[in-house]
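Database features, via TrEMBL:
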BINDING   Ile114, Ser115, Phe146, Pro147, Thr148, Asp149, Thr192, Asp221, His224, Tyr246, Trp276, Thr302  pyridoxal 5'-phosphate binding site
MOD_RES   Lys247  N6-(pyridoxal phosphate)lysine
Amino acid sequence: MTLPNRQSLAPNAENAITILTERAKECDAQDSLASLISEFSLPKDCIYLDGNSLGPLPIRAKQRAKEVVEQQWGEDLITSWNKHKWIDLPYKVGSKIAPLLRCESSQVIACDSISVNLTKVLCAALSMQQRTSPQRNLVISQRDNFPTDLYMVQGLGELLGAARCELLSVEQDAIYEVIETHGQQTAVLMLTHVNFRSGLVHDMRAITKAAHSKGILVVWDLAHSAGTLELALDECEVDFAVGCTYKYLNGGPGAPAFVYAAKRHWPHIQQPLSGWMGHKRPFDFCHDYQAGEGMASFLVGTPPVVSMSVLDAALDVFDGISSAKLRAKAQSLTQFFYEAFCALMPNTEFLMVSPQDASIRGSQLALAHPEAYAICQALIANNVIADFRAPNILRLGFSPLFLSHQDLLHAALRLKEIMDKKSYMDKVFQTKQAVT
Ligand SMILES: *Cc1c(COP(=O)(O)O)cnc(C)c1O
């Protein structure tokens, strides 16, 4: 990586670079997670600010992929279900995720996608409420929640009818108010802990408490939290949670998601996707469904063994690392980039959409600009990988496992150069591709 030609910079920018370089070096010297970079297979010279969309490849995961395909599938064939304990993978993987959520480990299981798992927990929560408070039909959520979360509630509303399930989506600052005003009609509050665009973090403990005071069950989506934020699901008395593993957990594209259900609810859980893997004794092949105990009842069909094995290996990178430590590093990275951005681009045309207060900001920054898509493409062409979120957000993710503060200074300087030269105006950067 080469820095921009210093002669082209204003003297105050040059000064800022000197100060930032020193700070980056100091922060990196104190970083107790710095050695984890060696766990990853990343392309040379690539500054990867998209671990919040697709985590990079852990070397252990690559080795396991080879082993599970060549040895387990290739040589041991169907005996692997027992010999390599494929059948236990959903539980084993769940118990590796649990410490990152700070919860008792039997309450987490890996399966399906967030969308499918949301359907299961929403149905379980709705039917629990139906039995005791049939007047509760509302599912409260946030207008700018991730679309799939809202779509799943809309689909359930179609299936069950509005008298059983009706979505009420409100603005982020109206959540406490709607809990007060609609508490008695509400079955479920479903929120994403970290907003996927802005990175704003909800106060899980306070919101869960407010909802419980009105008899509402709470479902948290942890897509942008697990592996990078400090969580405490048991302490916060969360009812249900879901999350994916291909973002900060580095499980690979389309890796299975996870479900958390508080143990106190287990005896009351019923969910309609009553597949054979969730049966009490799947290999009895009996006629009638009988739900398995505890988290087993969230399983539906045959687990994707290759993907689940890769995820299992990827999670070993987190072994012995607390979520508090991950949060501290991610927060330091995000704050450093934020400060570098402000110092290097004082007259920026970007609008910072993420909170300024680091304590309520996840491991990402959202920068709004009418040319955000092209700017993102120009960054990628300069080996800084970020992503674009419609309509106008350049989104930068700061995974705590493989980035250094010095990487982020380089990334900020690249961005400055692209903005100063307006190189994003080049038409090669202006054409939209299928996946953004
Ligand atoms: C990434 C993400 C999802 C993805 O859902 P899948 O069904 O696993 O594809 C869901 N919710 C949020 C908040 C996300 O950020």
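Glycine residues also receive a Cβ, built from the backbone N, Cα and C atoms like all the rest.
Keep in mind it's a predicted model, so treat the numbers as computed, not measured.
Most other Cβ atoms within 10 A: among the binding-site residues Thr148, Thr192, that distinction falls to Thr192. Residue pairs drawn from Ile114, Ser115, Phe146, Pro147, Thr148, Asp149, Thr192, Asp221, His224, Tyr246, Trp276, Thr302, the listed pyridoxal 5'-phosphate binders, are separated by up to 31 Å at the Cα level. In this structure, the CA atom of the residue listed as 'N6-(pyridoxal phosphate)lysine' is 12 Å away from the CA atom of Ile114 (pyridoxal 5'-phosphate binding site). The number of other Cβ atoms within 10 Å of the Cβ belonging to Lys247 (N6-(pyridoxal phosphate)lysine), over all protein chains shown, comes to 25. Counting every protein chain shown, the Cβ of Ile114 (pyridoxal 5'-phosphate binding site) has 22 other Cβ atoms within 10 Å. Trp276 (pyridoxal 5'-phosphate binding site) falls within a helical segment according to DSSP. In this structure, Ile114 (pyridoxal 5'-phosphate binding site) is part of a helix by DSSP. In the three-state DSSP classification, Lys247 (N6-(pyridoxal phosphate)lysine) falls within coil. Summarising the environment of Phe146 (pyridoxal 5'-phosphate binding site), the number of other Cβ atoms within 10 Å of its Cβ, over all protein chains shown, is 18. Counting other C-beta atoms within 10 Å of each candidate's C-beta, the binding-site residues His224, Trp276 are led by His224.
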